[in-house]
Amino acid sequence: MTTQVPPSALLPLNPEQLARLQAATTDLTPTQLAWVSGYFWGVLNQQPAALAATPAPAAEMPGITIISASQTGNARRVAEALRDDLLAAKLNVKLVNAGDYKFKQIASEKLLIVVTSTQGEGEPPEEAVALHKFLFSKKAPKLENTAFAVFSLGDSSYEFFCQSGKDFDSKLAELGGERLLDRVDADVEYQAAASEWRARVVDALKSRAPVAAPSQSVATGAVNEIHTSPYSKDAPLVASLSVNQKITGRNSEKDVRHIEIDLGDSGLRYQPGDALGVWYQNDPALVKELVELLWLKGDEPVTVEGKTLPLNEALQWHFELTVNTANIVENYATLTRSETLLPLVGDKAKLQHYAATTPIVDMVRFSPAQLDAEALINLLRPLTPRLYSIASSQAEVENEVHVTVGVVRYDVEGRARAGGASSFLADRVEEEGEVRVFIEHNDNFRLPANPETPVIMIGPGTGIAPFRAFMQQRAADEAPGKNWLFFGNPHFTEDFLYQVEWQRYVKDGVLTRIDLAWSRDQKEKVYVQDKLREQGAELWRWINDGAHIYVCGDANRMAKDVEQALLEVIAEFGGMDTEAADEFLSELRVERRYQRDVY
């Protein structure tokens with residue numbers, strides 16, 4: 001287990017002290033880490049000044065609860081920053097991860113703040129699914145004594161923009177809650193909106209919440225576990241790419257790469273279940289094509305975050321070029337008065353369809369216009385890092401991190417196009433080349449604390465990545481618990497990712513069972529959800545034996561189909577109706593026995 005400092009905080013340790021602390025705690029169990037935390041707290045509080053302080057009972061200080069519901073870490077960072085702002089204002093605040101929130105307590109909340117992102121087709125983040133389901137159930141209590149505010153993060157390139165935040169906001173009001181502030185829906189470039197909203201929240205709460213004594217101004221909850229690393233999304237580690245290996249066959253329709261990155265002596269730590277954030281640069285050839293289509297030269301000066309840069313450099317390093325959005329299409333149409341695009345303006349569905357099927361460079365190619373450099377920059381969104389599920393355990397690979405990358409490649413009317421980050425890693429970073437990375441910790445996708453607990457892993461395609469990390473960790477720990485893998489892809493001969501490794505784990509007895517679904521090797525398509533139904537009786541036995549279930553991969557189709565198959569298995573072999581099966585699976589989620597890493 002690792003410990004986590006809010007990204008905005010400055011570590012009070014020098015690199016040598018940090019390395020010693022990490023070395024001393026790297027092999028401790030969660031229970032041992034909790035004891036060590038208490039031990040150091042006790043040492044600190046043996047100081048005379050501390051002994052003299054007598055804090056008032058917490059029960060006398062009804063305060064503010066912040067619920068963080070994050071998928072990629074952005075919502076968590078906003079929640080942590082708000083927590084810090086409220087502490088600075090001497091307000092009593094508790095910050096809790098949505099997955100750890102005892103949602104039956106919600107009726108007793110007086111001041112409630114929800115910071116949430118949205119995933120998939122307007123769904124809440126994985127860690128907030130149980131809370132969301134509870135609030136929308138008949139069990140949800142009235143909240144007449146609760147004042148609340150919601151900050152929602154989303155991406156306007158998706159149809160259900162900020163839907164999770166809209167859901168929480170409307171439901172809390174419907175249950176009788178009082179809005180402290182109107183909901184804020186923030187797009188990808190959320191920082192300015194978040195900063196303004198945080199200031200408004202602090203002002204609104206100062207008049208409602210009691211000021212806490214210094215000893216009471218503390219935040220609790222899983223969000224506040226400390227991950228000791230000086231590296232973050234905003235301060236990434238410059239690492240080097242050491243291995244770039246294609247692991248699909250020459251006749252495969254997919255290009256999947258096994259990527260290994262050398263972390264050197266950085267001390268960067270991660271756990272199985274975490275994600276690797278990768279900052280990439282756009283393809284110079286794509287930048288050149290876009291610039292020339294707009295009759296620009298590329299050396300025009302533009303302003304980016306207060307700095308003056310040549311247009312080419314700004315486009316390569318700072319702006320999103322490979323993902324189009326409805327807003328970009330609409331703004332480009334209005335700006336250029338394009339006869340092709342103007343009819344789409346005002347029709348959300350048509351704009352979204354066009355954006356989803358037409359990259360920015362092809363939009364310009366099909367509807368040419370002349371823009372000045374600043375107008376182009378103002379049209380685009382800032383470049384954001386991509387997250388990849390980590391496919392390794394440091395118990396085996398030490399100062400390396402591995403990821404499994406499905407390279408996005410497609411044609412648009414004869415022009416080859418590719419994904420920004422995936423093609424950067426696959427095509428443009430040379431061996432030993434620099435890659436800027438950071439760890440996005442995911443405490444909602446963790447191996448069981450008890451090594452004897454059985455594990456069921458469901459991961460078709462590149463969803464196999466975290467389970468490679470899981471197996472490395474289980475093997476290194478010599479964990480006696482059983483392990484069962486469900487994997488699927490189009491063809492056995494071309495698409496069996498990490499085949500030799502899985503076969504070795506089976507031979508060594510580490511992988512107890514493996515079920516494989518090859519969707520294109522026979523007339524009828526077979527998927528992992530079909531294998532789940534086929535093995536329903538045994539699956540139910542494992543669940544009854546306390547197994548933890550993990551799902552990784554596509555959120556929109558696979559994860560939903562897998563969940564439906566699990567519900568059917570639970571209903572059939574558990575003798576339950578549909579409603580009871582759904583309740584059973586929800587309880588597994590609350591108990592952290594059903595965890596998903598979907599995207």
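Glycine is treated like the rest: Cβ placed from N, Cα and C.
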NADP(+) site partner of S519, R520, K525, V526, Y527, V528, Q529 (as recorded in Swiss-Prot), chosen from D495, D545, D554, D561: D561
Per-state residue totals over the domain 'Flavodoxin-like' (64-202) - DSSP helix, strand, coil: 58 helix, 32 strand, 49 coil
For Y388 (FAD binding site), the three-state class that DSSP assigns: strand
For F161 (FMN binding site): intrachain residues, at least 6 apart, with Cβ closer than 8 Å: T118, G154, D155, D185, D187
Pairwise Cα distance for S70 (FMN binding site)/G406 (FAD binding site) [Å, integer]: 24
Neighbour-count leader, CB within 10 A, binding-site residues: R386, R520: R386
Between Q529 (NADP(+) binding site) and Y599 (FAD binding site), the C-alpha gap once rounded to whole angstrom: 18
C-alpha spacing of G73 (FMN binding site) relative to A421 (FAD binding site), in angstrom: 18
